[in-house]
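Trainee: This is the structure I have questions about; it appears just below.
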Amino acid sequence: MDTLSHKEADKGAIVSIMAYIFLSSMKIIISYITLSSALRADGLNNLTDIGASLAILIGLKISRKPRDPDHPYGHSRAEQIASLVASFIMATVGLEVVISAIQSFFNPKHAAPNVLAAWVALFSAVVMYFVYLYTKKIAARTKSKSLEAAAKDNLSDALVSIGTVVGIVGSQFQMPILDPIAALIVGLIICKTAWEIFVEASHMLTDGIDPDKMEEYADAIEHIGGVENIVDIRARMYGNQTYVDITIEVDARMDVGESHYITDNIEAMLRKKFGIYHAHIHVEPMEKEPIMT
């Protein structure tokens, strides 16, 4: 990312943090006034999202540090570590909310929450949906995986608040049991989102790559003039950057200059077609059988 993209990514994380501070404070305070366990669960979710968004902001700042002797590939993976931390925070709260909701089934409240709680939850859903659209747009422009995780969290929060509205409104019709049911759904959604973020971040940290992308890379390389065969191709992600290691075979009769020209063409194609700026290409000679006369 360039300097402008860095500032834009930081701004996306900061907007999420400010939204979560405002909404979590409002929900938790009003949940005690309105006696809504679902709104409280929603507020606790937003409270932990502050920590998750802070982790992402810190990860973004660390990831842009230049390479050094201890980190020859740079610090880009700080983004994935930040996403991993965010997933742990979300999972912890999700489990707490689920446990609290289950306990509410055995110790039900006979009074339905005040309808004010529903209006607060609805307002929150609208706010978080617009924050989601904003964060998603920035994540797409900057190709930031940690901001992608933040956007997923924003969307899940909007859905969680909608579920909270349903539970609270339902409890107004002499069905207070719907409130802890909504809280349970909230907790499960939090856990599900945490798991999805964890899987993606851990996959990238362990050098996982989409097999379909590998096939696309290989197919494009095979169409470069002079490439006789692809012996091996590997790829891994460092933040939003893809690193590719390729071994190709070329005609054994080629000199060093000719084979180097082929590797230049491969690198140019990878940059233009896939946005890959880090490619290590090893060339091996391919012996062709002589033509029998």
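Placed from the backbone N, Cα and C atoms, the Cβ positions cover glycine too.
Note: TrEMBL annotation is automatic and uncurated.
According to TrEMBL:
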- 14-205: domain 'Cation efflux protein transmembrane' (DOMAIN)
- 210-285: domain 'Cation efflux protein cytoplasmic' (DOMAIN)
- 12-35: transmembrane segment (TRANSMEM)
- 47-63: transmembrane segment (TRANSMEM)
- 84-106: transmembrane segment (TRANSMEM)
- 112-134: transmembrane segment (TRANSMEM)
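I'd like to know what surrounds each of these features in this structure.
Mentor: Cβ atoms under 8 Å from those of the transmembrane segment (84-106) belong to residues 37, 41, 44-45, 47-49, 51-53, 55-56, 59, 146, 149-150, 153, 177, 179-181, 183-184, 186-191, 193-195, 197-198, 201-202, 205 of the same chain, restricted to positions at least 6 beyond its ends.
Counting only same-chain residues 6+ beyond the ends of the transmembrane segment (112-134), those with a CB under 8 A from a CB of the stretch are 12, 15-16, 19, 23, 26-27, 30-31, 33-39, 42, 46, 151, 154-155, 157-159, 161-162, 164-165, 168-169, 171-172, 174, 176, 179.
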Trainee: Mind checking which residues of the chain, 6+ beyond the ends of the transmembrane segment (47-63), have their Cβ under 8 Å from one of its Cβ atoms?
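Mentor: Residues packing against the transmembrane segment (47-63) from afar: 6, 9-10, 13-14, 16-17, 20-21, 24, 28, 74-83, 85-86, 89-90, 92-93, 144, 146-147, 149-150, 153, 157, 239.
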